[in-house]
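Only one structure is covered here, and it is reproduced in the block below.
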Amino acid sequence: MKKLLTRPGTIIIILILLGAGGWLGRTYVFPPETAPDYVTAKVSRGDLESTVLATGALEASQLVSVGAQVSGQIKKLYVSLGDVIKEGDMIAEIDPSTQQNALSDAKAKLANIEAQLASKQATLRQAQKAYQRQKEMRRLDASPQEDLENAEATLAVTKAEINALNAQIDQARIAVDTAQIDLNYTKIRAPMDGTVVSLPVKVGQTVNAVQSTPTILKLAQLSTMTVKAEISEADVIRVKPGQEVYFTILGDPDSRYHATLRAIEPAPDAIKDNDDGLADNKAVYYNALFDISNPDGILRIAMTTEVTIILKSVKDALIIPASALKTGPDGESYVEMPGKEGTVKKQPVTVGLNTNVKAQITAGLQEGDTVIIGAASGASANANGPRGMRF
């Protein structure tokens, strides 16, 4: 054993082991102090917006259902789905046979009554002469009073019959006008400029306009589209006409379409089905409306839109994460900033627009300053003090 300890190599090994043991002991018993570990962020400049988000759908600025006002068989269709047409263009034609016959019948009845009127007017002239003659003879006491009274009665009856015929003529003329209008209705024309977006009928199909107006086609103006966005009752009190708005569509989420809010409907859609305006699920939404130009026809009916309504915005503002803000006992706002040798200093600030994600700082900080937004993962464990000797 004595020999072993006197060997130089053995002595070196023992010294190395003793040194390592001392280092490990110091590390575990007296761990080195570490600087506080924080998550920080730089004060930067940028634009900031306070917004309301909503989901909406695109609609045509005008959508008209063009219907048939008379019954009959579709004889011709002059348009196809997707056609762009002008106001007054011919759309369809219904077989006019029934309406032509009705017009001819109405004209014949009118002519018959007019002939009766002409005959009765001749009778009136005779009755007037007979009355004048009886009146003169009675003055001369050449005829009895009864003959004069009969002549007077005949004259009065004839006048009444003429008045009745005149009334019948008025009715007959109305019938002719109505029949002519019905005949005109067999030629269906476009009520406005637009695009044919629905064409539910075919040539040869019979339409019945007696109980309801059958739709021949739907015509939409697509050069300008309307977005109808659903605003929750929690947000609607902050939204008003004139606010800036932009939206994206699912097929092109990188492109923004900008517009101005035009109106907010005074009642929710649920009022259409319930008098109290409440839907079965009790969720209440109000429609916000705005228009957007669509010269290229990219926007289509029923497309889903992700809408952003700008309540307030600032440009080129000093911005920090909202999580860095703290509130003092007197309600004052401040942030914490890293100090020297691991210390933390409190810096009072004045807050402008706060979106709860980012906040504008109007006083107290400069661009490039560092603020503490929280403790890094594991920092709290390191802050509990020495871990002590392990056994």
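Cβ coordinates are placed from backbone N, Cα and C, and glycine is handled just like the others.
As written in TrEMBL, here are the features:
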type	residues	note
DOMAIN	64-217	domain 'Multidrug resistance protein MdtA-like barrel-sandwich hybrid'
DOMAIN	110-186	domain 'Multidrug resistance protein MdtA-like alpha-helical hairpin'
DOMAIN	224-309	domain 'Multidrug resistance protein MdtA-like beta-barrel'
DOMAIN	316-374	domain 'Multidrug resistance protein MdtA-like C-terminal permuted SH3'
TRANSMEM	12-30	transmembrane segment
*Report the mean pLDDT of the predicted model across the domain 'Multidrug resistance protein MdtA-like alpha-helical hairpin' (110-186), rounded to a whole number.*
91
*asked:* From the DSSP assignment alone, can you count helix, strand and coil residues within the domain 'Multidrug resistance protein MdtA-like beta-barrel' (224-309)?
replied: 7 helix, 41 strand, 38 coil
*Please spell out the DSSP helix, strand and coil residue counts for the domain 'Multidrug resistance protein MdtA-like alpha-helical hairpin' (110-186).*
71 helix, 0 strand, 6 coil
